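Working notes for the structure below.
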Amino acid sequence: MVKIAVCGAAGRMGQRIIVAAKEAGCTVSGALERPGHELVGQDAGLIAGCGALGVAISDDLNAVVDGCDVLIDFTTPKVSLKNLEACALKKKAIVIGSTGFTPEERALAAELAKDIPAVLAPNMSVGVNVCFKILKDVAKTLGDDFDVEIVELHHNKKKDAPSGTAVRMGEVVAEALGRDYNKVANYHREGICGERTKEEIGMQTVRGGDIVGEHTVYFIGMGERIEISHRAMTRDMFSRGSVRAAQWVVGKAPGLYDMQDVLGLR
(Lines of atoms letter the chains of each structure in order from A and count residues from 1; the text may use other names and numbers.)
(Lines give C-alpha, C1' and ligand atoms only; values in the text may rest on other atoms or scores of the structure.)
Protein backbone atom coordinates (compact mmCIF):
# COMPACT_ATOMS: atom_id res chain seq x y z
CA MET A 1 0.00 0.00 0.00
CA VAL A 2 1.51 3.31 -1.11
CA LYS A 3 2.11 5.86 1.64
CA ILE A 4 1.16 9.31 0.37
CA ALA A 5 1.90 12.67 1.99
CA VAL A 6 0.07 15.78 0.85
CA CYS A 7 1.52 19.29 0.75
CA GLY A 8 -0.98 22.11 1.14
CA ALA A 9 -3.21 19.68 3.00
CA ALA A 10 -5.61 22.31 4.34
CA GLY A 11 -6.28 23.90 0.96
CA ARG A 12 -9.09 23.01 -1.45
CA MET A 13 -6.88 20.85 -3.64
CA GLY A 14 -5.05 19.26 -0.72
CA GLN A 15 -8.31 18.21 0.90
CA ARG A 16 -9.54 16.62 -2.34
CA ILE A 17 -6.25 14.73 -2.71
CA ILE A 18 -6.58 13.34 0.82
CA VAL A 19 -10.09 12.11 0.00
CA ALA A 20 -8.94 10.63 -3.32
CA ALA A 21 -5.99 8.86 -1.68
CA LYS A 22 -8.26 7.29 0.91
CA GLU A 23 -10.76 6.21 -1.76
CA ALA A 24 -7.94 4.65 -3.79
CA GLY A 25 -6.89 2.50 -0.84
CA CYS A 26 -3.64 4.37 -0.22
CA THR A 27 -2.31 5.31 3.21
CA VAL A 28 -2.26 9.04 3.95
CA SER A 29 0.95 9.11 5.96
CA GLY A 30 1.46 12.85 6.24
CA ALA A 31 -0.17 16.23 5.73
CA LEU A 32 1.94 19.36 5.34
CA GLU A 33 1.10 23.04 5.72
CA ARG A 34 3.11 26.22 5.98
CA PRO A 35 4.48 27.17 9.42
CA GLY A 36 1.95 29.14 11.44
CA HIS A 37 -1.10 27.84 9.59
CA GLU A 38 -4.13 27.84 11.89
CA LEU A 39 -4.94 24.17 11.17
CA VAL A 40 -1.53 22.74 12.07
CA GLY A 41 -2.13 19.99 14.62
CA GLN A 42 -5.64 19.19 13.40
CA ASP A 43 -6.54 15.77 11.98
CA ALA A 44 -6.10 15.94 8.19
CA GLY A 45 -9.00 13.58 7.54
CA LEU A 46 -11.44 15.61 9.59
CA ILE A 47 -10.41 18.79 7.80
CA ALA A 48 -10.86 17.04 4.42
CA GLY A 49 -14.25 15.70 5.47
CA CYS A 50 -13.44 12.01 5.08
CA GLY A 51 -13.26 11.03 8.74
CA ALA A 52 -10.40 10.91 11.22
CA LEU A 53 -7.15 9.50 9.81
CA GLY A 54 -4.98 9.84 12.89
CA VAL A 55 -2.66 12.07 10.86
CA ALA A 56 -2.11 15.57 12.20
CA ILE A 57 -1.41 18.43 9.81
CA SER A 58 2.26 19.30 10.29
CA ASP A 59 4.58 22.15 9.38
CA ASP A 60 7.69 19.92 9.52
CA LEU A 61 8.68 19.15 5.91
CA ASN A 62 11.45 16.72 6.77
CA ALA A 63 9.30 14.68 9.15
CA VAL A 64 6.48 14.44 6.61
CA VAL A 65 8.85 13.35 3.83
CA ASP A 66 10.52 10.80 6.11
CA GLY A 67 7.21 9.03 6.67
CA CYS A 68 6.00 8.75 3.06
CA ASP A 69 6.75 6.88 -0.14
CA VAL A 70 5.68 9.83 -2.29
CA LEU A 71 4.77 13.47 -1.69
CA ILE A 72 1.98 15.13 -3.71
CA ASP A 73 2.50 18.87 -4.12
CA PHE A 74 0.04 21.44 -5.50
CA THR A 75 1.52 24.74 -4.28
CA THR A 76 3.73 27.22 -6.15
CA PRO A 77 6.90 26.65 -8.19
CA LYS A 78 9.07 28.09 -5.41
CA VAL A 79 7.58 25.81 -2.75
CA SER A 80 7.50 22.82 -5.11
CA LEU A 81 11.22 23.13 -5.83
CA LYS A 82 11.94 23.29 -2.11
CA ASN A 83 9.87 20.14 -1.58
CA LEU A 84 11.50 18.43 -4.55
CA GLU A 85 14.92 19.16 -3.07
CA ALA A 86 13.84 17.67 0.28
CA CYS A 87 12.53 14.54 -1.45
CA ALA A 88 15.73 14.22 -3.48
CA LEU A 89 17.84 14.32 -0.32
CA LYS A 90 15.73 11.58 1.26
CA LYS A 91 15.29 9.52 -1.95
CA LYS A 92 11.50 9.84 -1.94
CA ALA A 93 9.30 10.18 -5.02
CA ILE A 94 7.24 13.30 -5.67
CA VAL A 95 4.25 14.34 -7.79
CA ILE A 96 4.03 18.05 -8.62
CA GLY A 97 0.88 19.65 -9.99
CA SER A 98 1.88 23.28 -9.44
CA THR A 99 1.72 25.60 -12.45
CA GLY A 100 3.58 28.72 -13.50
CA PHE A 101 7.09 27.22 -13.79
CA THR A 102 9.58 29.29 -15.77
CA PRO A 103 11.91 27.44 -18.18
CA GLU A 104 14.70 27.94 -15.65
CA GLU A 105 12.63 26.49 -12.80
CA ARG A 106 11.65 23.52 -14.92
CA ALA A 107 15.32 22.92 -15.76
CA LEU A 108 16.15 22.99 -12.05
CA ALA A 109 13.36 20.48 -11.39
CA ALA A 110 14.83 18.16 -14.03
CA GLU A 111 18.24 18.47 -12.40
CA LEU A 112 16.88 17.64 -8.93
CA ALA A 113 14.96 14.68 -10.37
CA LYS A 114 18.13 12.97 -11.56
CA ASP A 115 18.25 11.09 -8.25
CA ILE A 116 14.54 10.32 -7.71
CA PRO A 117 11.43 9.61 -9.77
CA ALA A 118 9.29 12.74 -10.09
CA VAL A 119 6.11 13.54 -11.99
CA LEU A 120 5.70 17.18 -13.01
CA ALA A 121 2.52 17.96 -14.93
CA PRO A 122 0.48 21.16 -15.34
CA ASN A 123 -2.72 19.12 -15.44
CA MET A 124 -3.37 15.70 -13.87
CA SER A 125 -6.67 15.14 -15.70
CA VAL A 126 -6.86 12.04 -17.88
CA GLY A 127 -9.05 13.94 -20.34
CA VAL A 128 -6.65 16.85 -20.71
CA ASN A 129 -3.75 14.52 -21.33
CA VAL A 130 -5.72 12.70 -24.02
CA CYS A 131 -6.31 16.17 -25.52
CA PHE A 132 -2.54 16.72 -25.64
CA LYS A 133 -2.18 13.60 -27.78
CA ILE A 134 -5.08 14.62 -30.03
CA LEU A 135 -3.62 18.11 -30.48
CA LYS A 136 -0.30 16.68 -31.59
CA ASP A 137 -1.95 14.48 -34.21
CA VAL A 138 -4.27 17.24 -35.48
CA ALA A 139 -1.46 19.81 -35.73
CA LYS A 140 0.74 17.41 -37.69
CA THR A 141 -2.11 16.63 -40.09
CA LEU A 142 -3.17 20.24 -40.68
CA GLY A 143 0.33 21.66 -40.89
CA ASP A 144 0.74 25.36 -41.63
CA ASP A 145 -2.59 25.79 -43.43
CA PHE A 146 -4.54 26.55 -40.24
CA ASP A 147 -4.05 29.38 -37.74
CA VAL A 148 -3.90 28.29 -34.10
CA GLU A 149 -5.51 30.19 -31.21
CA ILE A 150 -5.94 29.06 -27.60
CA VAL A 151 -8.50 30.37 -25.10
CA GLU A 152 -8.47 29.38 -21.43
CA LEU A 153 -10.94 30.22 -18.65
CA HIS A 154 -10.46 29.88 -14.89
CA HIS A 155 -11.91 31.13 -11.61
CA ASN A 156 -11.13 34.59 -10.30
CA LYS A 157 -8.74 33.29 -7.61
CA LYS A 158 -6.21 31.77 -10.00
CA LYS A 159 -2.88 33.54 -9.61
CA ASP A 160 -1.00 32.67 -12.80
CA ALA A 161 -1.87 33.38 -16.42
CA PRO A 162 -2.02 31.84 -18.87
CA SER A 163 -2.63 28.49 -17.23
CA GLY A 164 0.06 25.84 -17.30
CA THR A 165 -2.32 23.62 -19.25
CA ALA A 166 -2.84 26.27 -21.93
CA VAL A 167 0.89 26.80 -22.26
CA ARG A 168 1.45 23.05 -22.55
CA MET A 169 -1.22 22.87 -25.26
CA GLY A 170 0.63 25.60 -27.13
CA GLU A 171 3.93 23.78 -26.70
CA VAL A 172 2.46 20.53 -28.01
CA VAL A 173 1.12 22.24 -31.12
CA ALA A 174 4.35 24.17 -31.69
CA GLU A 175 6.47 21.04 -31.36
CA ALA A 176 4.24 19.19 -33.83
CA LEU A 177 4.63 22.06 -36.31
CA GLY A 178 8.38 22.39 -35.82
CA ARG A 179 8.15 25.80 -34.18
CA ASP A 180 9.75 27.27 -31.06
CA TYR A 181 6.80 28.03 -28.77
CA ASN A 182 8.64 30.77 -26.88
CA LYS A 183 9.19 32.61 -30.17
CA VAL A 184 5.71 32.19 -31.69
CA ALA A 185 3.43 32.57 -28.65
CA ASN A 186 1.43 35.81 -28.74
CA TYR A 187 -0.08 36.75 -25.38
CA HIS A 188 -1.14 40.29 -26.19
CA ARG A 189 -2.95 42.09 -29.00
CA GLU A 190 -4.05 45.70 -28.66
CA GLY A 191 -4.42 48.69 -30.94
CA ILE A 192 -2.82 48.65 -34.39
CA CYS A 193 -0.85 45.45 -33.96
CA GLY A 194 -0.59 44.46 -37.61
CA GLU A 195 -1.69 41.34 -39.40
CA ARG A 196 -1.44 37.98 -37.72
CA THR A 197 1.69 36.07 -38.71
CA LYS A 198 1.28 32.54 -40.01
CA GLU A 199 3.53 31.05 -37.35
CA GLU A 200 2.14 32.68 -34.24
CA ILE A 201 0.01 30.86 -31.66
CA GLY A 202 -2.42 33.24 -29.98
CA MET A 203 -3.23 32.89 -26.29
CA GLN A 204 -6.23 34.48 -24.59
CA THR A 205 -7.02 34.37 -20.86
CA VAL A 206 -10.38 34.77 -19.09
CA ARG A 207 -10.79 34.98 -15.30
CA GLY A 208 -14.11 35.02 -13.47
CA GLY A 209 -16.46 33.41 -10.98
CA ASP A 210 -15.89 29.80 -10.02
CA ILE A 211 -14.83 28.29 -13.37
CA VAL A 212 -12.75 25.21 -12.53
CA GLY A 213 -10.98 25.23 -15.88
CA GLU A 214 -11.83 25.34 -19.58
CA HIS A 215 -9.46 25.15 -22.54
CA THR A 216 -10.20 25.36 -26.25
CA VAL A 217 -7.68 25.17 -29.09
CA TYR A 218 -8.91 26.58 -32.39
CA PHE A 219 -7.46 25.43 -35.70
CA ILE A 220 -8.83 28.06 -38.09
CA GLY A 221 -8.66 27.56 -41.83
CA MET A 222 -10.32 29.15 -44.85
CA GLY A 223 -14.03 28.38 -44.60
CA GLU A 224 -13.70 25.87 -41.75
CA ARG A 225 -12.64 25.63 -38.12
CA ILE A 226 -11.76 22.78 -35.76
CA GLU A 227 -12.21 23.26 -32.01
CA ILE A 228 -10.74 20.88 -29.44
CA SER A 229 -12.07 21.62 -25.96
CA HIS A 230 -11.84 20.31 -22.43
CA ARG A 231 -14.06 21.51 -19.59
CA ALA A 232 -13.43 20.63 -15.97
CA MET A 233 -16.59 20.41 -13.88
CA THR A 234 -14.89 19.54 -10.59
CA ARG A 235 -11.41 19.46 -9.07
CA ASP A 236 -11.84 15.77 -8.29
CA MET A 237 -10.38 14.75 -11.63
CA PHE A 238 -7.15 16.54 -10.71
CA SER A 239 -6.97 14.90 -7.29
CA ARG A 240 -7.71 11.43 -8.69
CA GLY A 241 -5.10 11.94 -11.39
CA SER A 242 -2.47 13.00 -8.86
CA VAL A 243 -3.10 9.89 -6.75
CA ARG A 244 -2.88 7.75 -9.88
CA ALA A 245 0.45 9.40 -10.66
CA ALA A 246 1.65 8.81 -7.09
CA GLN A 247 0.81 5.11 -7.28
CA TRP A 248 2.59 4.87 -10.63
CA VAL A 249 5.79 6.77 -9.82
CA VAL A 250 6.84 4.86 -6.69
CA GLY A 251 9.59 2.45 -7.66
CA LYS A 252 10.25 3.99 -11.08
CA ALA A 253 13.75 4.88 -12.26
CA PRO A 254 14.98 8.38 -11.37
CA GLY A 255 13.96 11.10 -13.79
CA LEU A 256 11.34 13.71 -14.57
CA TYR A 257 8.09 12.26 -15.89
CA ASP A 258 4.71 13.72 -16.85
CA MET A 259 1.15 12.43 -17.14
CA GLN A 260 1.76 11.20 -20.67
CA ASP A 261 4.18 8.71 -19.10
CA VAL A 262 1.77 7.84 -16.29
CA LEU A 263 -1.07 7.14 -18.74
CA GLY A 264 1.06 5.32 -21.32
CA LEU A 265 0.27 7.86 -24.04
CA ARG A 266 3.77 8.18 -25.47
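Just so you know, glycine gets a Cβ as well, placed from its N, Cα and C.
What you are looking at is a predicted structure, and each value in this text was computed from that prediction instead of being measured.
Swiss-Prot annotates GLY8, ALA9, ALA10, GLY11, ARG12, MET13, GLY97, SER98, THR99, ALA121, PRO122, ASN123, MET124 as NAD(+)-binding residues; of GLU33, GLU38, GLU149, GLU152, the candidate listed for that same site is GLU33. Distance from the CA of LYS158 (active site, proton donor) to the CA of ARG34 (NADP(+) binding site) is 19 Å.
Note on proximity: of the binding-site residues GLY8, ARG12, ALA121, the one nearest THR165 ((S)-2,3,4,5-tetrahydrodipicolinate binding site) is ALA121, by Cα distance. Note: the CA-CA distance between HIS154 (active site, proton donor/acceptor) and GLY8 (NAD(+) binding site) rounds to 20 Å. If you take the Cα of GLY164 ((S)-2,3,4,5-tetrahydrodipicolinate binding site) and the Cα of ASN123 (NAD(+) binding site), they are about 8 angstrom apart, rounded to a whole number.
What surrounds the (S)-2,3,4,5-tetrahydrodipicolinate site, by Cβ distance within 8 Å of the Cβ centroid and not counting HIS155, GLY164, THR165, is the set THR99, PRO122, ASN123, GLU152, HIS154, LYS158, ASP160, SER163, ALA166, GLY213, HIS215 from the same chain.
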